[in-house]
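Working notes, structure below.
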Amino acid sequence: MNPVIASITFRAMLSKRRILLLFLLPALLLMLSIGLRASGHADLDNATMLLTQFGLGALLPLLALLAGTGVIGPEIDDGQIMYIMTKPIARPVISTTKYVVSVVLVVAFGVVPMFVAGVIMTGMTAGLATGFALGALVAGVAYCALFLAIAVLSRFAVTIGLIYALVWENLIARYAPGAKTLSIRQWGISVADMVTNATAVKADVASSTAVPLLIVVTVAGVAYAGWKLRTLSVTGTD
Amino acid sequence: MTSVIHDIGYRHYDGKRLGRAYAVRSLFTHNLRAAYGLGRPVKAKIMPFLLCAIMLMPAAISVAVTAIAAQVGAGRDVQLIRYSAYAVYLQPLIAIFLAAQAPVIASRDLRFHVTPLYFSRPLSRLDYVLAKYGAFTTALFILLATPVTILYIGALVTKQKHIGTHTVHWLAAVAGCLLFALVLAGLGLVVAAFTPRRGFGVTAVMAVYLLSTTAVAAVQGIAENQTQFTVAQWAGMFAPFNLVDGVQVWALRAKQSAPEPPPSGIGGPVFTLLCAALIVGCVAILYLRFRKAGAK
């Protein structure tokens with residue numbers, strides 16, 4: 001961890017247009033959950049539906065994509081990463097610091113709002129809010145690691161990340177259920193299922209599979225980003 | 001004669017001036033090519049062509065399966081993918097293409113502050129915006145209409161029954177594709193024009209698509225649980241693909257492909273009007289955005 005790099009990254013991530021999007025994403029979730037509560041439809045089934053479909057299915061991957069690639073992608077693109085890399089700081093420290101920043105952002109703008117939305121809709125019933133907060137946390141940690149690794153690897157990190165989150169986890173998993181085994185979203189649901197005893201939450205992947213895979217993806221992603229950064233070549237932008 | 005002051009003896013250009021129409025045409029072709037990465041390095045071509053190839057795959061597979069089924073005599077049960085449903089089924093891919101390529105069209109000139117160079121030509125702001133919008137719409141239309149047309153050719157080749165109905169449905173679907181392209185291109189370009197930073201524009205376009213679509217899906221699911229079907233049907237107009245599918249159902253007499261049809265009665269006209277308003281509004285916003293773009 002390097003506090004200077006962390007503060008620079010935070011400042012870049014919280015610039016005016018980015019922060020608008022960062023606030024907009026969770027605001028929509030909170031608005032929907034308040035709407036459900038106000039109209040009296042906030043039972044466990046509907047809350048689960050909203051938190052799985054909208055929270056884990058859209059909000060979290062988007063936030064992680066924004067944070068995970070945003071902490072390092074633009075700097076590599078415009079070559080500014082050189083100014084950090086030429087300092088006597090180990091490259092893995094740079095990538096790990098940036099990773100921690102992205103996780104903090106995902107927790108602040110994704111995990112906490114998910115917990116709040118859960119509480120708004122169901123209170124603490126059946127541990128639904130806690131379950132989804134924990135599921136979102138582990139999924140966010142893994143997503144960030146994956147997207148950081150892709151951001152260091154390719155200039156098209158955002159598009160590749162989107163293809164993973166949308167085509168693999170959404171489209172292919174719908175028609176070929178086997179794809180769900182390798183889906184971070186399903187691992188998150190699995191962890192949520194472990195914590196909550198609401199029957200509405202149904203995991204397609206056993207937690208004995210999900211937890212080790214989560215750890216593997218996270219560690220591998222962060223380690224790969226650090227290793228790849230050591231031999232990074234900065235080429236021209238478009 | 002004011003020109004005399006500046007005449008320091010260089011040779012004058014006395015060739016043909018190609019004028020405004022030529023400039024618009026050039027801008028259109030340039031942007032259409034740029035949407036597919038043509039005239040740019042290989043790296044810029046990978047994504048659009050990869051997505052294009054994946055878009056074609058289900059159509060090709062569908063045709064192949066139908067052809068094989070016709071050979072072994074099971075042709076009665078196997079049907080081609082519905083023409084008008086193709087875009088709705090594959091919307092994640094279309095959305096990724098939109099998100100990946102909209103910034104290529106809308107953000108680059110802003111990022112590198114080169115709009116004044118365009119506007120020093122005989123090209124009005126509106127020409128510029130319309131040329132870009134037209135180019136991106138055409139690029140999306142090519143992406144959407146090609147697989148649908150492959151399906152239709154497949155229907156002709158495998159000698160499907162009721163080929164007249166097939167033709168009508170295919171023509172309606174192509175019109176639907178144009179509408180999809182117009183709406184999506186407008187939304188994508190507007191969002192990308194306000195987020196010129198690299199990578200960020202992609203996420204922003206995606207956020208607009210993904211959040212509206214999943215929010216609508218969640219609201220529709222919940223509304224159906226509570227048997228409030230009209231709410232579920234009206235909710236469709238807040239997500240781009242559901243909105244255009246509603247217009248397809250009402251105006252083009254297609255079968256519904258999104259989870260909910262537009263509400264009966266005034267639902268169809270409202271969806272269509274909203275679609276039109278969206279297209280005009282997007283062009284207007286783009287015009288306002290690019291009017292002062294050279295200032296900074």
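Numbering starts at 1 and runs along the chain as it is shown here.
Placement of Cβ uses the backbone N, Cα and C atoms for every residue, glycine included.
The transmembrane segment annotation in TrEMBL covers B:46-74 (among others).
For B:86-106 (among others), the entry in TrEMBL reads transmembrane segment.
Annotation comment: TrEMBL describes B:133-158 (among others) as transmembrane segment. Counting only same-chain residues 6+ beyond the ends of the transmembrane segment (B:133-158), those with a CB under 8 A from a CB of the stretch are 27-32, 34-36, 51-52, 55-56, 58-60, 62-63, 66-67, 70, 75, 80-81, 83, 86-87, 94, 97-98, 101-102, 105-106, 166-167, 170, 173-174, 177-178, 180-182, 184-186, 188-189, 282-283, 286.
When Cβ-Cβ distances below 8 Å are used as the criterion, the transmembrane segment (B:170-194) is approached by residues 83-84, 86-87, 94, 98-99, 101-103, 105-107, 110, 132-133, 136-141, 144-145, 148-149, 151-152, 155, 201, 204-205, 208-209, 240-241, 243-244, 247-248, 252-254, 275, 278-279, 281-283, 285-286, 289-290 of the same chain, each at least six residues removed from its ends. Summarising the annotation, TrEMBL assigns transmembrane segment to B:170-194 (among others).
Long-range neighbours of the transmembrane segment (B:200-219) within the same chain, counting only residues 6 or more positions beyond its ends whose Cβ lies under 8 Å from a Cβ of the stretch, are 91, 95-96, 98-100, 102-103, 106-107, 187-188, 191-192, 194, 231-232, 235-236, 238-242, 259. Residues or ranges marked as transmembrane segment in TrEMBL: B:200-219 (among others).
Sequence-distant contacts of the transmembrane segment (B:231-251) (same chain, at least 6 residues past either end, Cβ-Cβ under 8 Å): 84, 87-88, 91, 172, 176, 179-180, 183-184, 187, 209, 212-213, 215-217, 219-220, 223-224, 257-263, 267-272, 274-275, 278. According to TrEMBL, the feature transmembrane segment maps to B:231-251 (among others).
Sequence annotations record features per position, and here TrEMBL assigns transmembrane segment to B:271-290 (among others). Below 8 angstroms of C-beta separation, residues 106, 115, 125-126, 128-130, 132-133, 179, 182-183, 186-187, 189-190, 193-194, 236-237, 243-244, 246-247, 250-251, 262 of the same chain, each at least six residues beyond the ends of the transmembrane segment (B:271-290), sit close to that stretch.
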Other parts of the chain folded back onto the transmembrane segment (B:46-74), taken as Cβ under 8 Å at six or more residues beyond its ends:
35-37, 80-81, 86, 89-90, 93-94, 96-97, 100-101, 143-144, 146-148, 150-151, 153-155, 157-160
